[in-house]
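Heads up: the structure comes next, in structure tokens.
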Amino acid sequence: MGEMKSMQMGVIGALFLSVASSVSIVICNKALMTNLGFPFATTLTSWHLMVTYCTLHVAYKLNFFENKPIDMRTVVLFGLLNGISIGLLNLSLGFNSIGFYQMTKLAIIPFTVLLETLFLNKKFSQKIKFSLFLLLVGVGIASITDLQLNFVGSVLSLLAIATTCVGQILTNTIQKRLNVTSTQLLYQSAPFQAAILFVSGPFVDKYLTSLNVFSFHYSPIVVGFITLSCLIAVSVNFSTFLVIGKTSPVTYQVLGHLKTCLVLAFGYTLLHDPFTPRNIAGILIAVLGMLLYSYFCSVASKSKQASSDSTFLGKDRDTTPLLGQENENHHEAKKLDKHSPV
């Protein structure tokens, strides 16, 4: 029971860390890109991953965690896939309207549910599907303003959805099947994610912004915000792997939409961004969907635990009489042996 409570506290801690760090990095990057004019998102992400790897390497050398070797091919392919998915999401934003980009992010949940159902035989109850539907409708109402389609943008969005879904499912599957921690997986895959983004980032950013990251004027305040962004990113990357490993890819996506609602609310209240009753209604519907999802998942988890416990007790009841009978027969045999002339 104590172990179960400790596990629940670990999950809550991971969720809180993910929300706090993600909202913080959005605020930091908004200031960096909007106010200070630094538009190189893909290159910045490669720096995030480099700093994450360096931080974890120092932690490893100081014996904060134990490294567990993972098959190199698995790590390389996993790292490259995650790096490509980040690049595709950025390209999708560049080729599509903001509204269609938001639709792309919303589509990740149903695609993840579909893939886990088809390939991992995972079951999602109708109640959980309904709560996810409410969540997606709410976030859609709150954040989607325009939907402009084009062929290249649509193809990039589909590729971004596919790579993101597969990458997040693998993040969960690798941790469970290879029995590695989120820290061990991130430590070994981060260099490959960083490498592909470091090489492709300047080209992607130049194509999207028509600016060169190497000729940008790096004032002290810009360098300060980049450093802060990289430090927060360590927590973001760590908590991402932690949440997906402890919960599921779908739960991580639900958490992502909670962050979206918090960022929107932050913009409305503190930055005085324009908002309408539609935005507020969308956020409320999304929050209701999240609460229902959390409740239904909790009920399903308790039901599964109770079923597991009852099965275990049932097995005990089945085996006890047999053991008793075996001992009794053994005792009778001993008595016969004593009186036997042989």
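Each residue, glycine too, has its Cβ placed from N, Cα and C.
Note that the structure is a prediction, hence the values are computed from the model and not measured.
Among the features that Swiss-Prot reports, compositional bias 'Basic and acidic residues' is placed at 327-342. Per Swiss-Prot, region 'Disordered' is recorded for 305-342. Per Swiss-Prot, transmembrane segment is recorded for 7-27, 36-56, 75-95, 100-120, 132-152, 154-174, 184-204, 221-241, 250-270, 280-300.
Within the same chain, the transmembrane segment (36-56) packs against the transmembrane segment (75-95): three or more Cβ pairs sit under 8 Å, each pair at least 6 residues apart. In summary, the transmembrane segment (75-95) does not lie against the transmembrane segment (250-270): fewer than three C-beta pairs, each 6 or more positions apart in sequence, are under 8 Å. Contact count against the transmembrane segment (100-120) (Cβ pairs under 8 Å) is highest for 132-152, out of 7-27, 132-152, 250-270, 280-300. When each of 7-27, 132-152, 221-241 is scored by its Cβ pairs under 8 Å to the transmembrane segment (280-300), the top-ranked stretch turns out to be 132-152. Counting Cβ pairs closer than 8 Å and at least 6 residues apart in sequence, the transmembrane segment (221-241) and the transmembrane segment (132-152) reach fewer than three and form no contact.
Pairs of Cβ atoms less than 8 Å apart link the transmembrane segment (250-270) most often to 7-27, out of 7-27, 132-152, 154-174.
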